[in-house]
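*Asks:* Okay, handing you the structure first.
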2 protein chains.
Amino acid sequence: MSISNSIFLKACVREPVSRAPVWYMRQAGRYDADYREIRKQYSLVEICQRPQICADVTRMPVEKLGVDAAILFSDIMIPIGAMGLDFEIKENIGPVIETPIRSKEDVNRLRLFEPGQDLWYVLETIERLRHQLHVPLIGFTGAPFTLASYMIEGGPSREYIETKRLMYSQPDVWKMLMDKLGEMIILYGKAQVKAGAQALQLFDSWVGSLSPDAYETYVYPTMKHIFDELRPLGVPLILFGVTTGELLTQFQHAGASVIGVDWRVPIRRARERLGTKIALQGNLDPALLQAPWNVLEAETRKLLEEGLRHPGYIFNLGHGVRPSVDIQILKRLTEFVHTYSEEWLAQQLTSSAQ
Amino acid sequence: MSISNSIFLKACVREPVSRAPVWYMRQAGRYDADYREIRKQYSLVEICQRPQICADVTRMPVEKLGVDAAILFSDIMIPIGAMGLDFEIKENIGPVIETPIRSKEDVNRLRLFEPGQDLWYVLETIERLRHQLHVPLIGFTGAPFTLASYMIEGGPSREYIETKRLMYSQPDVWKMLMDKLGEMIILYGKAQVKAGAQALQLFDSWVGSLSPDAYETYVYPTMKHIFDELRPLGVPLILFGVTTGELLTQFQHAGASVIGVDWRVPIRRARERLGTKIALQGNLDPALLQAPWNVLEAETRKLLEEGLRHPGYIFNLGHGVRPSVDIQILKRLTEFVHTYSEEWLAQQLTSSAQ
């Protein structure tokens, strides 16, 4: 299959496809024994910094699972480091920053890096992958709120108290930080596409901790600006975050061309709220990967029948693959989605032709 | 103010009130220096087991903040312990169970206790409070999914993998557990009301980790049964959980008479989805308690204007008060809600009379 004929890219622009495209968030990761082997030798960041290894890791799920898109293997913190904020990824905790952002001076110290210079290894990884892959490559970046939450909390959080405190009590500093992260994301996204990424996914994983009103005031303007700047690249722009059911229409208005939906929102409801002029991606509860096959299959079938009702549907999970998942299940699921969606779509064609 | 004239109870049954009733989830807690003093002497569980101290702690926020309802000070694990499952509350972690529930045998071993015997101290606390309080007392219990999640995970969780694994792979064991917890909650709820609780809040804090379809199959039948059994008590039955925006209509159909709304769902949207025949409680983002006063006041004003548009609105947070909150802010907020809601409602009356 040539890339120009990719069912993933077609679904992103709501063109008809013969079967549902599939990929999985965190499809390269600890559930895979070969990945765990590589991690014995290299840290997560070290993998990101070594183009050949990083390209290999990115390609692994494409080859093993048969998914229809690759996503750049990276860490959400990589560009944060390039902005001058030191971080460490601690096992079973996540990214930790010794000196979190709390003031205007802290924000001023962040620098807008030059992707080609400071993150050359990311771009080289993409360039290599461009020649190696027979499916599209999705570029990867965090979105401003989620990046800011790590930078301000100093690590993963459940309540985002410090993030919201800064947002509410120093709105000018917050705005500066959002603007700066927005500019960084625009530069970084453009560089990834120039290097060969055929789509971009923005992970705003934790922005669902905001109410729609707070999102509108403190996040939306930056997102709108980012999408306005990235749209001319002509690649699908996917936006995803968990517990964002109430923010989906704002994601759409901001300019996302594909919306990643959390498993809490049935695809049928997302369609009701967003209409048919946008592609949807998702949204199987990742926990179902650890359910018996008959349950997983039944839920997948139901999801496909909802998703495929309108052009512009990409099968994915509602969040990332967990380390405890069995790779054989993921492989079987991918095959099942392919087969079942192909049958279902063919049947729809037949019955509408009658 | 006599209890029969309580604005809280009136709002629960959607009768007109002169001002918005206010209470806060976790209104007795570590943000209060006097509470922290008591905690130096007694553990959380020890407080629950000593009726006079527990009644004092329950009353503290009523006296200090001027809230319109008290909620029984308790821990969600108290009845779990009475069912025969040992737990420990670890500082900064939460409840931890050494031998979590994983099998049919584990569920069979759980016993339906006799509240009057095994949890006499809870009922005695309520009886004492009944004589001490001049505002209604809300009884307290966890709901089956949330209790099960602690029992199965063995502690707090972010993803509920083991809970969902048991739910999907041993649906008969899951059903037994839900049924048993349902029966326990019915017994425990009835005993609390008999002892003097004038309303009951069921905390299904973590059920928002389920999709609506999973909720329908694995949780809804038990909730429906619980509400059917508790309804004849004639007290308001409040149901609350975080990230439950997509489950609200199911909460309503199950039989909750008041629905606690997470801050992610604007009250105006909850009203659109649920109609006007139900009372709503909530839903200020708890993080706003740590914002500057002008931001907090503006958001509170906006919330009140949405909430008070229909009879049946109770001011609360969208989740519990955090330990880092300043008690003076909570006090000021309570006063502001009282004053502003009274003015606003009076104005509505005037303008509708014209």
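Backbone N, Cα and C define each Cβ position, glycine as well.
Nobody curates TrEMBL annotations by hand; they come from automatic prediction.
Remember, predicted model here, so these are calculated numbers, not experimental data.
In case it's useful when we look at the structure, here is the feature table from TrEMBL:
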type: BINDING; residues: A:R26, A:Q27, A:A28, A:G29, A:R30, A:D75, A:Y150, A:S205, A:H319; note: substrate binding site
type: DOMAIN; residues: A:21-30; note: domain 'Uroporphyrinogen decarboxylase (URO-D)'
type: DOMAIN; residues: A:138-154; note: domain 'Uroporphyrinogen decarboxylase (URO-D)'
type: SITE; residues: A:D75; note: site 'Transition state stabilizer'
*Asks:* Can you break down the domain 'Uroporphyrinogen decarboxylase (URO-D)' (A:138-154) into helix, strand and coil residue counts using DSSP?
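*Replies:* Going by DSSP assignments, the domain 'Uroporphyrinogen decarboxylase (URO-D)' (A:138-154) contains 10 helix, 5 strand, 2 coil.
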*Asks:* Where among the binding-site residues A:R26, A:R30, A:H319 do you find the Cβ with the fewest other Cβ atoms within 10 Å?
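*Replies:* Result for the binding-site residues A:R26, A:R30, A:H319: minimum number of other Cβ atoms within 10 Å at A:R30.
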*Asks:* Kindly report the helix/strand/coil residue split of the domain 'Uroporphyrinogen decarboxylase (URO-D)' (A:21-30) according to DSSP, in that order.
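*Replies:* Summed by class, the stretch gives 0 helix, 1 strand, 9 coil.
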*Asks:* State, in Å as a whole number, the widest CA to CA span among the substrate-binding residues A:R26, A:Q27, A:A28, A:G29, A:R30, A:D75, A:Y150, A:S205, A:H319 given in the record.
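*Replies:* So the binding residues stretch over 23 Å, Cα to Cα.
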*Asks:* Just name the most isolated of the recorded positions A:A28, A:D75, A:Y150, going by other Cβ atoms within 10 Å of its Cβ.
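*Replies:* Counting other Cβ atoms within 10 Å of each of the recorded positions A:A28, A:D75, A:Y150 gives the minimum at A:D75.
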*Asks:* Taking just the CA atoms, what is the gap between A:Y150 (substrate binding site) and A:D75 (site 'Transition state stabilizer') in Å?
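*Replies:* The Cα atom of A:Y150 (substrate binding site) is 12 Å away from the Cα atom of A:D75 (site 'Transition state stabilizer').
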*Asks:* Tell me the coarse DSSP state (helix, strand, coil) of A:D75 (site 'Transition state stabilizer').
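*Replies:* Going by the DSSP assignment, A:D75 (site 'Transition state stabilizer') belongs to neither helix nor strand, so it counts as coil.
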*Asks:* Measuring Cα to Cα, how many angstrom lie between A:A28 (substrate binding site) and A:D75 (site 'Transition state stabilizer')?
*Replies:* 12
*Asks:* For A:D75 (site 'Transition state stabilizer'), identify the closest of the binding-site residues A:R26, A:R30, A:H319, judging by Cα separation.
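*Replies:* In terms of Cα distance, A:D75 (site 'Transition state stabilizer') lies closest to A:R26.
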